[in-house]
Structure formats: C-alpha cells, structure tokens
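Sequence annotations record features per position, and here TrEMBL assigns substrate binding site to B:Trp360, B:Asp361, B:Lys591, B:Gln592. Under the heading compositional bias 'Basic residues', TrEMBL lists B:775-788. Taken from TrEMBL, the feature domain 'Glycoside hydrolase family 65 N-terminal' applies to B:16-269. Feature annotation from TrEMBL assigns domain 'Glycoside hydrolase family 65 central catalytic' to B:326-678. The domain 'Glycoside hydrolase family 65 C-terminal' annotation in TrEMBL covers B:688-747. Summarising the annotation, TrEMBL assigns region 'Disordered' to B:744-788.
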Number of protein chains: 2
Amino acid sequence: MTVQGYETAPWELRWHTLAIDQLERTESTFALSNGHIGIRGTLEEGEPRGKPGTYLNGFYKEHALPYAEAGYGYPEAGQTVVNVTDGKVIRLLVEDEPFDMRYGTATAHERWLDFRSGTLSRLTEWVSPTGRQVRVHTQRLVSFTQRAVVAIRYEVEPLDGDMQLVLQSDLLANEPIEPETKDPRVAAALQSPLVSEFALAEDYHAVLVHRTRNSGLRMAAAMDHQIESPHAFRSDIIVEEDLARLTVAVDVPKGDRLVVTKFLGYGWSAKRSIPALRAQVSAALAGARQTGWDGLLAEQRAFLDDFWETADIQLDGDPELQQATRFALFHILQAGARGESRAIPGKGLTGPGYDGHAFWDTESFVLPVLTYTVPEAARDALRWRHSTLPKARERAVQLGLRGAAFPWRSINGAECSAYWPAGTAAFHVSAAIADAVVRYLDATGDTEFERDVGTELLIETARLWMSLGHFDLHGKFRIDGVTGPDEYSAIADNNVYTNLMARRNLLAAAASCERVPEVAERLGADEPELGTWRQAAERMFVPYDEELGVHPQSEGFTEHAEWDFDNTPAEDYPLLLNVPYFDLYRKQVIKQADLVLALHLCGDRFTPEEKARNFAYYEARTVRDSSLSAGTQAVIAAEVGHLDLAYDYVGEAALTDLHDVHNNVREGLHMASLAGAWHGVVAGFGGMRDHNGEITFAPRLPEGLDRIEFRMCVRGNRFAVEIHRDRATYRLVAGEPVEITHHGQPCKVSEHPMSLSIPEIDPGPAPTQPPGRAPSRRHPERLRRHEF
Amino acid sequence: MTVQGYETAPWELRWHTLAIDQLERTESTFALSNGHIGIRGTLEEGEPRGKPGTYLNGFYKEHALPYAEAGYGYPEAGQTVVNVTDGKVIRLLVEDEPFDMRYGTATAHERWLDFRSGTLSRLTEWVSPTGRQVRVHTQRLVSFTQRAVVAIRYEVEPLDGDMQLVLQSDLLANEPIEPETKDPRVAAALQSPLVSEFALAEDYHAVLVHRTRNSGLRMAAAMDHQIESPHAFRSDIIVEEDLARLTVAVDVPKGDRLVVTKFLGYGWSAKRSIPALRAQVSAALAGARQTGWDGLLAEQRAFLDDFWETADIQLDGDPELQQATRFALFHILQAGARGESRAIPGKGLTGPGYDGHAFWDTESFVLPVLTYTVPEAARDALRWRHSTLPKARERAVQLGLRGAAFPWRSINGAECSAYWPAGTAAFHVSAAIADAVVRYLDATGDTEFERDVGTELLIETARLWMSLGHFDLHGKFRIDGVTGPDEYSAIADNNVYTNLMARRNLLAAAASCERVPEVAERLGADEPELGTWRQAAERMFVPYDEELGVHPQSEGFTEHAEWDFDNTPAEDYPLLLNVPYFDLYRKQVIKQADLVLALHLCGDRFTPEEKARNFAYYEARTVRDSSLSAGTQAVIAAEVGHLDLAYDYVGEAALTDLHDVHNNVREGLHMASLAGAWHGVVAGFGGMRDHNGEITFAPRLPEGLDRIEFRMCVRGNRFAVEIHRDRATYRLVAGEPVEITHHGQPCKVSEHPMSLSIPEIDPGPAPTQPPGRAPSRRHPERLRRHEF
C-alpha cells in the first residue's frame, strides 16, 4: 500500500480498510460508468457513506440563477445533475444485526476496481456486535455493451455456523444528501428533485418512474433479481412512491452461500411517455437477464480487451504512474464510451461537482484522447455539440453575434454560467469544438460525419469569430475583450491562444466548405464569406513583446504587475479562494496553461526558440490552481527538453485524483486532468503532434522511466510507439501502414517494427516555478522500492 | 403649462390636474427633504398614489446578496433604504364620502413647490360623488432649521353649505408597496422591514418606535396636532403596533374652515434605547410646537433667502431652463443641507432608486456645487466618508490593498455592489473623495477640517493608489485592471481619468502631510513614503494614441471595434438593457463622460488642442445612457467653443428629471444630473476651474441666453459673475475681495463691479454625436413664446 491508501498494481486500483473519512474520495475513484449511467462507489448497504450518487447523462434539474445585480443576457436557469433513483442499495441483516461496518469488527475489507474486467469488487469479512461471522463478496458493473444496464452480484457466506440472513434490495429515489460546502467551485444540491409518476413491484422485479420537479424530464429505473440459495427462502416485495424493496429471508448453513444477482435498467427521456419509458427499462432488464451475469462479465471483458489494444500505455520503471495512467484511461473510457450524443461532463459521471456540467475541457483535453483511442466516442460527443446548435445560435443572437456561441458550462446546451467574465467571455470554447472536429476528421477520414455535423460546426464557429473580431486601422484582425483559458485573467484583448485557435477555426471552416460544398451552400457560406475568413486568419493579430522576447498571454499582459509570490503563503492557494478576481486579473499570475496551451495546440505558429523563452517566462508565473494545467505543462516541458520536469507534471496530472491534489475528489474525478496524463505521455514524451492532419512524433524518455509504450488508432489503423533511451520503435498492431514523422524524418509505420534513433537535446537551464508551486518530484528509486 | 405638465415659473414648480399615471414622477419632483428626513410628494389622503416614501438618511434594512457563482471578497450583505413610518397621511371624510380624487370631480387641483419658502402646497376643489363641494388646501415643509421636524398645515373649507367633516391623521409603519420592475437599476423592495418596539397615543399626540428586522437600527416617529375649528369637535386617538391615528369629527358651517397643523418628529439611532429615542422625537415636537407653524415657515424662508444669496443662477431668455436650474439647486440643497455626517445618496431622499445608496456621484458632481454654495454641507458629507474609514480600511485589507478602499455603493460605508467589474474595480471613487477634500480645503481654508478629516482621507486614498499601481520596467507608474467612470468599459489598464485623478490624489496627500505633519506622523506617513507618492505622480502613465492624436480612454481603447451605431435602433437605448456587458466593454461605445470628465477635472493636464480633438473623438462615441454625462459634456463643449451644444447639454442636465429623460424619475431624482446643470452653467458658460486652488473663469454666453448670473462663495466671500454677450462683470456680494482670473487675466473681485471683455473663439466644425444621440436642441424662440 502506498501512503495514499491505494495499493499499487498494474491493472487494478485496490483499497484496504474502511476509512470512513476517505469514503467520499474512494466513491469517486471507484465510480463505474459507461457514459450513459454513472454510479459512485458507495458500499452496497448504503451506510456509512460519503456522497451517494447515481447519474444519467443529460438528466438534470433546473433552478433559477440568482443575481443581486442582473444584466442583459445573463442566463436565467441553472442546471444540476440529478442523483437519480439509487439501485445499488442492498442491505443485509445478519441474524438480527444490520450489517453496518460502523459497528462490529471487519476482519478483512477491501475494494478493487479492475481495469480489464470493468468491475468493482468488494470482499468484507465481518464480525457482528454479537459475534457472528460473515463474508460478503460483491461485484458490480455498468455495462459497456448493454448501455441501460447495471448489474450487481451479491454473495453472503456464514463463517461461524448456520445463519439467518435477511437481504433487502432497494430502488430508492430522492435519497437525502448532506448540504454542500461553500466552495464556489462546488455546486449547490437541491433536495427531492424527483416527483413520482408510476411505481410497480411484482415477484422479484419493480419499476419506479419519476419526473423532475422543474426541467420537464422523465426517468425510469427498474430492478430484477436472480436468487441462488441452498434452501427455501421467503421473499416479499413492496413499493411506494420513492421506494421499491425486495426482501429475501433465508437460513443458510455454514459452508453454503446466498447469492443474489441484481439487474438494474435505467432510462430517461424528455419526450417519451410513462408507459414507453417503463417498457424501455423492462426491455433492458429482459436483455440483461437473457445475457446473464456471466455473459455480462464476458462482454465487458471483451469490450475492454479491445480498448486496451488501442489505448494502453506502458510505463516501465514507475509502477504508481503505470497504475495511475491506466486508471486515467479507464475513467476516460467510462466517461465517453456510451454517451451517444450526450455531453462528457467535466467530472464524467463520477460525482456532482461542477453541477454535472460539460466545459471546453471535453473538446480540448478529453476528446483528443478518445479521437486516437475510441474515435466513435469522440464522434458522439461532437454530435452532442451539434445537437445543441439551435441553442448556440440563439445564444449568439442574444449576444448580438453571428454563428454559434457555445456555452461555457451546460448540461443541455444552454448557457448556465452565471459569471460572464469567466463564462460567456471565454469564447475559446467554440474554437475548441472546431479544433476537435478537425482532429476527428483528420484522424478518421469520416466523411459522413463531416457532411452531417463537421462542416456545419466549423461554419457556425467561424462566423462567431468574424462577429467577435474586427479589422483595425492597419488591417490586423483583433479579437478584443475576451477571456482565454487562464482563469486568473479575463476580458483582455487579443489573447494569443484564442486568436490562434480562431485563426485555425477560420481556415478549417473554409477548407471544409470546399470539401463539402453542398453544406456550405445550404448554410449560405459563399466564396466572399470564405474570403473574409481566410483574410481574417491571415491577418490575425498575435501580440509579441519585442523587449522581453515573449508573447504576452493577452495584449498588455507582460506590462502588468508581477504577483508577489514571496509574500503569498502556501495556505493562500488556490488563490481564487483567498484573493479577489480583480487582483488576479490585473497581475502576472496564471492559474493554468494559456499561452503554453497555445504552444502545444498551435505549436506550428512558434519557433523552437520562442517556445523555450515563452515556456520559461510562463512557467515562473503559473501556479496551477487548476487541474487543467499540469498535462499541458508536461507537453511543452518535454518539447523544450526539460524531461524531468515533464515527468513531474505527468505524475501530477495522472495522480491528481488518486492523490487528491485539489482536495475535491469527493465531488468527482477531473476528467481533463486524467486526459492530461495521456497528453503528457503521448504529446509530451512521445512528442506527438497532429498539426494539419499530419501525425508527427519526437519521442524522448525521461530519466525516471525505463521504457514507454503507447498505442494510437489513426484512420482505423492501430499502432504502437515504444520509447527507449536512445531509440524509438514504431510498429503496426492492426490495419494499414501509417505515415508519420520521427523527429522531423518522414517514415511509415508497418507491421515490421522500425527503430529510429533519438537525437540529443540541450534544454538549457531548468525553468523555475513560483515559490512552493513546483510540482512534486517523482523519485524513481523510492518508487521502485514499493514495487511488487 | 409646458407639454410636460409643469407650469414654467421662475421660483416654483407647479403641476395642474391629477394625472394618476404621472403621480410617481411628481412624487419625486415634489419631494421635500432637509438631508436628514425625506418625504415624497404623495397626496395627504394616501391614495391614489404612486410610490409613497418617507426616508431617514442612513436608516436601512439589510438583506443577503445572492450569487449564483460566488467569489472571494464579494459583499455578502446588501442595504436598502427603508420606507419608514409615514406621518404625512391625513385622510378626510366629507359627509360620508371619503375624499378620494379617483371618485367625484376635481374642479380645481394644483400642487406647487416653492423654492423660496421651501414648502409644497396643494389646492384642491372637489365635488364628492353625492355632489358636496369642498376646498382642501395643504402646505407642508421639512424644516431646514429644525432637523427632526416635518410640519403639515391642512385646511378644509365647505363650499356649498354646512358640512360634517371627519379627519384622520396617521402614523403608519410598514406601508405595503407594490413590487418593483425587473430593471436592474431599480432596487428590490422588501416588505414589512420594521418591527414594533413601542407605541403610545394620548390626546393629540402619538409615538411609534420600531427597529429594523435585521440591520440593528431603531427609529421613532411622533406626531402632534394643533386643531383650529369654529365649533366643538370630537377627537379620538388609537394606537396599534404599526399605526397611530387621531380622528377629529366636526360640523363646519359654510364660510368657516377646519385647520389642522400636524407636527412630526423623526429620529433614528443604532445605539440609543427605546426611551431615549422616544424622548428625542418628543423633544423635537415640543420645539416645533414652541416655534409654531408660522415660525417654522419664517425660519424656512430665512434659511432659503440666505441660500439663494450665495447660490442663485439667473438665466435670462430661457424661462424653462431658469426654472429647471433653480429646481436643481433647491433639490441639491435639500439633499445635503442637514445630512450631518450622513451620505448624500444618488437620489437624495426623493425615492427608493439605487436602494438609497451613495456613489462617487456625491463627491464628483454634488459636492462641488455645495462646496461653493453651502460649504458646511460639503464638509458634513466628507465627514461621513471619514466616519466610514474603518470599513474602507477593512475593505482594502480584504482586497489585499493598503489604505482605504471606499465602496462603490453603500449606505453605511460597507460595500454593497454585487457586480465587481462595475463596483469594486471602479476605484476612482476614492480619488473623487480625495478631490472633494482638496476642493473643500481650497475653497474654505478650513484647517480644522484638514486636521480632523482631510489629511487622513488623503493619506489613506494615496496609499490605496500606491498599492493599486506599480512601476513598470521603464519606470512608468501603471494602474491596471480598473474601471473608469464610463460604465460601458470595465477592467481596463491605465484609464486616463483614473490615473490623472490618482496623480492629483498622491500630490495632494503629500502636500497635506507637509501642512499637517502631526497627522502624517500619527499615521506613519513619513518622508520616504511621501517620496514614493510624488514619484508615482510624476511618472504616472497617461496613454496617448499618437496616430489619432487623442488620448484613449484606457490603454487600447482606440484600437477597439467601433460600435455599429447605424444599426442600433432607438429602442435599443439604454444599451445596457439590450446588449451584454461583454460587447459594450470591448467596443468604442461610451455610456458617460470618462476621458471628457478628465478634460474637465484634470484640464490642466491637457492642451487646448488636445481638448478639442479628444472632445470631438469622444463626442462621436458617447451615447449618454447615464444621467451623469450631459453636465460634463456641457462643460467641455463650452470650453472648446461649441456654446450651442453646451447649451443643449445644460438643458438636458437641468431637465433630466422634469422631462423624465431616463424614464425612471419615479424612483427619485438624479442628484448628479441636477448638479450637472450647475456645472454646465458655472464651469461651462462661466468657464470656472479650480485647479490648484486657483479660481479661474473664462465666461461665454450661448446664443440662446440673453444674460447669465451666478453666485459663488469662496473662503466665506460671496460674489456674483454676470455674463453678457461681449463682457463679464464680477462683483462682491459679501465679504472680502477674491482673486480670480478672467480668460487668463488675473484680477480681483471687489464690491465695485468689474467688467471685462470676452475674447472671440473659433471652435471649428461642430462635433457630431452617434445617430439619434444628439441632445435635444433648445430653441430660444419657441421657449420665449411660453414665457409669462
């Protein structure tokens, strides 16, 4: 066991002991999801618990957003993900004692998430307060193959003699939840969001249908059970508005076991009737029972085998990072696999943080991972954006703009950000969507997607930029008064990242219009309009500080006061909780990679020398109060040759949630940070770039690792990149050969492994971080001692 | 009568007919106040009514400020002026018909505010629904000489025969008020803010003591009556928690009258007990009864005679403007006369608008008027600011700053602004306070004030600027990320107005420390600190656009996109109700004078040519969605020689409320705009400036006027300035001779009138305003036809 309580292992995450005060965070790390349904890693018996949660992607409640001083265009309705009907509750009475780990004694207790089987298991040996001994073994999955299905296998075995067991299996709606903290980043939870519409229970199955109190959505949850018992048992099922409960009472002899398999079906809709939704979840259950527990397990394993063949990352020499990276990939898969035209929220479906909203994180950090590993998931997430185009167009009109203004945060596509300087003004979200479209198109050649979705997204985002910017007196195209990625700056002129991303957006839109002229014609994007896009792109203003030799993050940034890091005590971080926005905005202090993100995503617009100088400049001013930052810093640190620093940042990104770096994992995992681990390895150590659809590599191995191997899928062709100290080896795993470059040298990846040498790099002096804000150093020696 | 319904007259404001839909606005224009108590011009019988209101300066209720997304340093408590116990209600039963002008017929009805007697009168002849005829004549005053006293004289006369009259005189707390509109500029009203603590009634007098539900303040209202009746009458007095009512029933023969004089006493305290407050208001009543109605009238007249001797403005040739200007001066006096260490709210005590908060308007626009006409009132308002220094210091600490950060909006000195980009970030409020201190000191030579109040205010505001700004790499002192006066821009770098005002603040603080070293020493402002102030002032960065030859309002402003005025329909104004802030902030559209205000207040830092170019540039981009703008535009239009334009702007400023230009006079008068009329005349046509304590004039007469005379008081010496077409005449009215300059020529104003010629000026082409946003033209010919 590491100090953090997780046992290091290559393919699983295992936690020993109960540790009640840690339940909230392990419920997040042990969450299961398929992108449609998410269930937190709560103990089956319901208590003790941290923050129970069962989520259906896209299912939200609405509340009025309050403003002490209102303003035109402020969103009026907020959306919050709903903790829906909880089906994972299975309570147990051992003789006449409730199985509750706060009482009695646990002689063994562990839980483990298996990245290959896609299951969460638990094994508990418990002595009741009256001294009876029992073993409880559970395993659960949220099926990747049967999207509406959750299944739980619950086994109880008497250890010290014959035993009467009573098991209660619930569907429980409107679960009371503790009030949230005052942290502005933590969303408020509303109580009892669901109104009962239908409830029925018969034999071993039950169904509850509810609607939200105020967002017009309807959901159904159903359960069915398969009971394996050595002896005759009595069962009883009851139903109320917010509760269905199957009770099974049985006498189990020592050496025998009671095994209950619980199948859950979930569904929701804004349109379907009560009978239709009820039928839908019943059908899901019928399918699940037909497949059976073993069948579901086998399907799950096959699905994951295929995933790991395309996506796995091997990091020899650092078992903790190896585990964390697979943990990251597993959770990214869980967040996106079966969303199917729903958003991928910032926390996936692992917790209620950020109200369950999706942000630009999805397109900027999560979708690149999916694009090169599970491209259908990237496609579906972009289809969700496309499905919200009417709302984005409406929002643009409301803001006096053209095209589509995508929301800063949302569940259903409508803007929910109540603080416009860090919401509405952060228009770069639309560029991130366009960029994700281009990346997906380049990586897949999916022409159907381009015709149906891609071109339209590109046209409407290009139009947004044209209405946001203007040509100045010297013909430069300026984009003023917007907010870039760094949330410690806002409403500034000519944010370099935003302008460069807008430039790319405009060029990509024009190119797509030429490829798919019928869509361009339908949307009225004619040649003169394309001409203005190209002109704006060509004349895009990118401020540069000649004197310092660096790019200001936004115009004027490098003239602002320096932050007084020396007099900022450690407890003042994160600064946003201890310093007013106004002070953050006007000084040279950076929450998260902004100009440095431009160095990554728009790296073709900077010389190597500019990258090195810019990185050093911003590194000294970036405090990483955001989990979005470390991955990007890893990428550029690696590019400019600071491989040890990159290694530290990869560690931070990958371990953000396992080490609870931001002390808020209880609210859910940081999907973008987990994705940052992939970026750090693939784009950082692998040097992978995809500018203009060309896949290029510049691999280098950091001191702390012995070998790296990562996988990618480009146009359906899977290949592996293996990095050694002096050489990299490329080999095709499946499909056709792929053209790449290695450190600038064009070559072809084929089934014959190709080894190419890695050139030397002199990175110069190491950059410094603000005092106390350097990333934790990864010490390979120490870590190896914990290896097993 | 003019089209607006007010009759034009030099010394009064008179309104004929009832016009129920206009009641709200006339309640504001007919409001009476002495700066301590304010009562709106509601009909005595209570209904019909617009928005009743009785206010005690500084008496507020508190409520939580809601934030959908909270942030560090956001104010948590809002303050709202309370509609306190209403003592002006006197209901009448004529025979058995309630006197209610919505029924029966008014054969005559007029109300008039007399600027010399300081009273609001009303004469109504009414035929009841059953045909009985009665004349009601009332007169009321809020005493300037007895600060806690309101008095009402109520006369009823039967016109068609003997008549039974029943009169009910109330003290009424927690009056229900209609909910407010959704206009973000209109404050929300909370119902029933008062909790009864004590109530007593006896004979003809009563007292009610209440406390606020949640702000810890206590108030008392008492009434007493003097009844003059030709016959014996029956009277009865009752009291409840929220009501005291004296009922008088009497038979009045035709030709006789019932006359009731109602005396009201008001008081509030955060500290005094119930008995103490009760005693306080009873004592006030005893004083008022001792003086008597005629005595109160005489004192009021004498107070106003003195005021007009110092403050009057004569505008020959434009009777409407003449009336409006005296109306403006009268209301400014009412707002400030007896505030005595309370704020002067943006609306004075004339209505609930802006929640009753005071803003920078007070120091920037209202106090200059008072400084040169009723300097004690300016002094008291600054004493209020000084009394809030502990809160301003606390706020500075909270914001990570030094010195004092005065609130953007407040009643008790604590920040109540819930939108920081246009609140906290508008630090120029502190410079306005410093500037008002300097102006008051220069105009009065009040060394006691400097020692007690002035130096400390200057030191603490200077410290604020030092912590807000920084020296850049070239040694320039920059103030980044603040908001200037123009509310259609925010969070910009190096706002010229702010930087120049900060510069003056720093220099004035250093100078004051040298004059009053004991205060400097007490506050630790030593020579090195003064040195940094002087250095920052000397190196203050003032951006300039060499190419356009104008000063950008803030750095980068002139590079922003132009506003598309041609495609902005008239109904889109005010823009803030129809356009998002983000779009306003990033374009060249200006709500109110900002750089142009710098041209006025810091005119010594610009050449005449710069002024002309800057004025033309900003004139074309200023939409005047704020009532704070026209007066300043008048001043600079006059200075650069566009006297007709200045005349239009003076008209707009003076008539803002009488013409209800912003369609919100129902919420109260715009004190700063009324003050703007004074600025337009005195600083505009008179060319008065007070840079460095020197009083200079550059008078010019616009075409539309035949003659202007205005008065001023400098160091206790009163003098008059008379402007003719070709010459100006200066003469001392009282006191010692005063040194001034006339168009650059030094001279001395003495009891011998001194006439000096006015040089020619060639203003060049007239500036243009955005389409549809030119001020209304004043047509002297048309106006003269309405003269009488």
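Placement of Cβ uses the backbone N, Cα and C atoms for every residue, glycine included.
Just so you know, TrEMBL annotations are computer predictions that nobody has curated.
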Around the recorded substrate site, report the further residues of that chain (criterion: Cβ within 8 Å of the mean position of the Cβ atoms of B:Trp360, B:Asp361, B:Lys591, B:Gln592; site residues excluded), sequence-ordered. B:Phe359, B:Ser364, B:Pro485, B:Asp486, B:Glu487, B:Ser626, B:Leu628, B:Ser629, B:Ala672
DSSP secondary structure for B:Gln592 (substrate binding site), reduced to helix/strand/coil, please. coil
Neighbourhood of B:Trp360 (substrate binding site), C-beta criterion under 8 angstroms, separation at least six: B:Trp408, B:Ala426, B:His428, B:Val429, B:Ala432, B:Ile433, B:Pro485
Using CB atoms and a 10 A radius, I'd like the single residue among the binding-site residues B:Asp361, B:Lys591, B:Gln592 with the highest neighbour count. B:Asp361
The largest Cα to Cα distance in Å among the residues B:Trp360, B:Asp361, B:Lys591, B:Gln592, listed in the record as binding substrate, is 16
DSSP-derived structure type at B:Trp360 (substrate binding site), helix or strand or else coil: coil
According to DSSP, how is the domain 'Glycoside hydrolase family 65 C-terminal' (B:688-747) divided among helix, strand and coil residues? 3 helix, 34 strand, 23 coil
